[in-house]
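Straight from TrEMBL, the features:
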TRANSMEM  12-35  transmembrane segment
TRANSMEM  41-57  transmembrane segment
TRANSMEM  62-80  transmembrane segment
TRANSMEM  86-105  transmembrane segment
TRANSMEM  126-147  transmembrane segment
TRANSMEM  167-188  transmembrane segment
TRANSMEM  208-233  transmembrane segment
TRANSMEM  239-263  transmembrane segment
TRANSMEM  275-294  transmembrane segment
DOMAIN    358-492  domain 'GGDEF'
Amino acid sequence: MFTFNLPLRSRLRYFLPLLIIQVLSGWLSVGAGALPGDNVSAIWLPSGVGVVAMLVLGRPGLVCVWLASLLVCIPVTAQITGLSMAWRMGLAAAALDALQAWLAMRAWRIHETRHHANFLRQPQDLIWFWFWVCTVPAVTTAPFMTLLQWSCHALPDASISGVARHFVMLVLSNLAGILLATPAYVVWRDRGRWELRFNALRHLWPAVLILLILGSALFIYPPVLILLLPVLLATTVRFRLPGMVVAMLGTAVFISAATVFHLGPFVRGNPAMSFVNLQLFMFSTTIMLQYLALAQELIKRHRVQLESEVAARTEALAQANERLKELATTDELTGAPNRREWQRRCAQAVLMARRQDTPLSILLLDLDHFKMVNDTHGHLVGDLMLRAVAHTFRETLRASDSFGRWGGEEFVVVLPDTSLDDAEQVAEKLRMAIAATHVPLDGGLYVRITASMGVARLRPSDADLDDLLTRADHALYHAKEYGRNRVVLETELPANDLPVKHG
């Protein structure tokens, strides 16, 4: 969400802090950055702070920028032109500063509107930022500011070359301020994404190294300044955009103040050349670090996006595998475990019964006259019968029991920790529950369901599950032979009766 969409009251709470920051940055730029023999600062930080105020506050930012500029310009200008002229010049200069901040803010918002995204979040945005946000507003207002200072006799050199030099320096000063300070708005806007927790040992080492290098370059050996670049690069990589903004702002202010006081590698006999050397260093370093910081952000976002996609695909794959497992182990029509899954569960139950020396029984069930119902009323009614029986199993059996579809109209149930007598009671309960189930037909008619069951118990002599199933199947065959809709135990079979396949 763009900041200017925040309620006015939420934005106005930043008015006074931004006003104070802009005034302080103006006094700092004048006191520590004004070049000798001229009234222009090497870095005019209020130009960047003004853009931040416009981006945060919206239209009230014009008042904030204008008022802050007035508070800075009048005391400074009064020393040159007198208080009366300072007021007139301050009012006009404040209006030009507000115009410059508004132009930069407008260019920023135009980019966001066109791309429907927050600006300055990827390296591709930097060209627009450097040209439309930094350069164009500075170049647009600098001629009017130069003309205003010339008309008020505030220029140290009123010659054509002096006015031209002052114009160029004014453009570079404002451009530097916008270039260095405006990215602080991005740090504030995206503050929820940085996840930087302060740790003295980890966060202070760049500041210590930067100060050591700057001190050595300014007071001992100027070429040592080249060592500052790898430290700034490491700071940007480690702390991303927030680290880059803080490090570059501090470095620029420090070096600018040192140059004004004739210290450091940028000092030349001509103040204008010192100014140019300083600007070349700041612009080249800042542009490089800004590109690196946004490239780091882009890489991080792509990595987060990739991790999110991998997590989503992993979850989708797990769901697909779960679905495949379900399809591989579940009968699609009834939702009951299929033959293979039931055999796996039954084998585990048999193993557990043998280990714990507990009884185990199984039921083999066949729906009566199922083929005739299918042929008479159609397969849809037959499917409804199978689903109704599966539902009856779920409602009747214990949680420890496991049933499955054996094939066709046959179902099978394993009853752990259940003796043959208890299994007979369970089977009778199931038989009556199934007999009470009806499948409705058209015209108010219905089909009554009955089932025949064979019951067998696990014996120590059973070599495998097939032995147990064979006896249950044999009992089921006799249940059908004895008239259907009944339960037959394996103990009720003739001793010499052999298993026969039933139809």
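A Cβ is built for glycine as well, from the same backbone N, Cα and C atoms used for every other residue.
All TrEMBL annotations are machine predictions without curation.
For the domain 'GGDEF' (358-492), the DSSP-based tally of helix, strand and coil residues reads 65 helix, 37 strand, 33 coil. Only residues 6 or more beyond the boundaries of the transmembrane segment (41-57), in the same chain, are considered here, and those with a CB under 8 A from a CB of the stretch are 3-4, 11-12, 14-15, 18-19, 21-23, 25-26, 28-30, 33-35, 64-65, 68-69, 72, 97-98, 100-102, 104-105, 108, 133, 138, 173-182, 184-185, 188-189, 252-253, 256, 259-260, 275, 278-279, 282.
Distant neighbours of the transmembrane segment (275-294): 35, 42-43, 120-123, 125-126, 130, 169, 172, 176, 179-180, 183, 229, 232-233, 236-237, 240-241, 244, 247-248, 251-252, 255-256, 259, 265-266, 268; these residues of the same chain sit at least 6 beyond its ends, with a Cβ under 8 Å from one of its Cβ atoms. In this chain, the transmembrane segment (62-80) does not touch the transmembrane segment (167-188); fewer than three CB pairs sit within less than 8 A of each other, excluding pairs fewer than 6 residues apart. Same-chain residues lying 6+ beyond the ends of the transmembrane segment (239-263) with a Cβ under 8 Å from its Cβ atoms: 28, 32-36, 41-43, 45, 176, 180-181, 183-184, 186-187, 190, 194, 196, 203, 206-207, 210, 214, 218-219, 228, 232, 274-275, 278, 281-282, 285-286, 289-290, 292-294, 296-297, 300.
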